[in-house]
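*Asks:* Among the features that Swiss-Prot reports, transmembrane segment is placed at 8-28, 35-55, 71-91, 105-125, 127-147, 159-179, 203-223, 235-255, 271-291, 297-317, 326-346, 373-393 (among others), with the record citing sequence analysis.
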Amino acid sequence: MTITPQHLIALLPLLIVGLTVVVVMLSIAWRRNHFLNATLSVIGLNAALVSLWFVGQAGAMDVTPLMRVDGFAMLYTGLVLLASLATCTFAYPWLEGYNDNQEEFYLLVLIASLGGILLANANHLAALFLGIELISLPLFGLIGYAFRQKRSLEASIKYTILSAAASSFLLFGMALVYAQSGNLSFEALGKSLGDGMLHEPLLLAGFGLMIVGLGFKLSLVPFHLWTPDVYQGAPAPVSTFLATASKIAIFGVVMRLFLYAPVGDSEAVRVVLGIIAFASIIFGNLMALSQTNIKRLLGYSSISHLGYLLVALIALQSGEMSMEAVGVYLAGYLFSSLGAFGVVSLMSSPFRGPDADSLYSYRGLFWHRPVLAAVMTVMMLSLAGIPMTLGFIGKFYVLAVGVQASLWWLVAAVVVGSAIGLYYYLRVAVSLYLHAPQQPGRDAPTNWQYSAGGIVVLISALLVLVLGVWPQPLISLVQLAMPLM
């Protein structure tokens, strides 16, 4: 097929991030300069974000058989770029204290965000697999970036081995789907399923294996075992990327797959996904109750959040509202996670060994960093789904979608899970206002709010509050992303 100027405009975010990768590589080869490479990375990601406006002007189109650029792709590309931008911003002060090579960090984040953009635009199982690998491979290096720390290296090895196993399940599942349907395009799969092929054992086995592979990447129960250890072992800025960009991109492509190929029409698939969602919500919240490490706590909480999102995915066939619910929920989850992990990154910067991730490190934070404590409180309330925060709007949407689709047992799980979650989120929030320990541990810099990372954290908190009270701009944006399907 012929690539026209319109196609190139539609691919602008992908091309800009790809070009930034090349520029940063050449810059590292020419001269190692931490500030220069960080600046180039941030400029590239910002340029890719701005280019989305031009992509919108070009309209929806199939660029290649592998990729479709439309409003849906633009929304998820934007969320991935925001998460990547925040990761680079949080990483800069952290890397200032890091004595080994600093510049490769940005290179790995850029390559991973390239994978995220590919996933957001994927319209074919081959693009889905390439995107997942492109986002996973740089994460092996990023998780083990503080390789002199035993925990970081252990987390990287654990993630690498389990990720390879999950990828093999995913690939074998795709092979079975191809053997039965003869096509890997989402639209062609939809036609095959529409022809009554959905109940073929080979096709169901293929989708079952794909659910195993994707369940690992999204850290859903029972494929979640890596999550708390990897979140704890990875440097704080990397945990930010893991919790946001990789989850959002992969969930976005799963949404598109389910939209084109109505796999959820199969009762067997719906029951399996329902059990996974139920187990993820309950188990994730119960395990977070006893955590004293804030990164492990956020790791378990991310399992439950993906469980909530799965409820909206199961309800996808019952109306467009579930697409809206996922868009709003993911935006709320993104800003809340960026704020929470941003505070951990600020407290852990510059690099001085293990991160400040013990709950004890945050005890009495209000008495010497009141604004930072207030930001962390807002993020905890949003993740808990308290009214007047963006997290509440997302959770309300998920409940509404569950009720609309008559998924009563999953609605009950969401309510019970939210009640359990309230306890451990408030436990973190309350500890910020207790008496500070006699010997204070790690602390954020006194001028943290003037740093780039501090500004990102403050903007996240502001968005969580403003969009929690007045969500209409976000809802309108998400609705704009839907008709172009």
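We number each residue from 1, going along the chain as drawn.
Glycine residues also receive a Cβ, built from the backbone N, Cα and C atoms like all the rest.
Since we're looking at a predicted model, the values are computed, not measured.
Quick one: where do these features end up spatially?
*Replies:* Within the chain, the transmembrane segment (8-28) has long-range Cβ neighbours (under 8 A, six or more residues past its boundaries) at 36-37, 40-41, 43-45, 47-49, 51-52, 54-55, 57-58, 61, 63, 67, 69, 77, 81, 103-104, 106-107, 110-111, 113-114, 117-118, 121.
For the transmembrane segment (127-147), the list of distant contacts is 66-67, 98, 100, 104-105, 108-109, 111-112, 114-116, 118-119, 121, 153, 155-157, 159-160, 163, 167, 170-171, 174, 217, 230, 233-235, 238, 241-242, 245-246, 249-250, 253, 257, 351: same-chain residues at least six beyond its ends, Cβ to Cβ under 8 Å.
Only residues 6 or more beyond the boundaries of the transmembrane segment (297-317), in the same chain, are considered here, and those with a CB under 8 A from a CB of the stretch are 218-221, 224, 227-228, 230-232, 239, 243, 247, 251, 254-255, 258-259, 262, 264-265, 270, 273-274, 276-281, 283-285, 287-288, 291, 323, 325-326, 329-330, 333, 337, 340-341, 359, 383, 395, 397-398, 401-402, 404-405, 407, 410-411, 413-414, 417, 421, 424-425, 428.
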*Asks:* Are there residues at least six beyond either end of the transmembrane segment (203-223) with Cβ under 8 Å to its Cβ atoms? List them, or say none.
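*Replies:* Counting only partners 6 or more residues beyond its ends, the transmembrane segment (203-223) has Cβ contacts under 8 Å with 132, 136, 162-163, 165-181, 192, 197, 246-247, 250-251, 254, 263, 266, 268-269, 272-273, 276-277, 279-280, 283-284, 299, 302-303, 306-307, 310.
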*Asks:* Do any residues, 6 or more residues outside the transmembrane segment (373-393), come within under 8 Å Cβ-to-Cβ of it, and if so which ones?
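*Replies:* Counting only partners 6 or more residues beyond its ends, the transmembrane segment (373-393) has Cβ contacts under 8 Å with 301, 305, 328, 331-333, 335-337, 339-340, 343, 362, 365-366, 418, 421-422, 425-426, 428-429, 432-433, 457-458, 460-461, 463-465, 467-469, 471, 474.
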*Asks:* Counting Cβ pairs under 8 Å that sit 6 or more residues apart, are there three or more between the transmembrane segment (326-346) and the transmembrane segment (71-91)?
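*Replies:* Answer yes: the transmembrane segment (326-346) meets the transmembrane segment (71-91) with 3 or more Cβ pairs below 8 Å.
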*Asks:* Establish whether the number of Cβ pairs under 8 Å between the transmembrane segment (71-91) and the transmembrane segment (271-291) reaches at least three, counting only pairs separated by 6 or more residues.
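*Replies:* No, the transmembrane segment (71-91) and the transmembrane segment (271-291) are not in contact.
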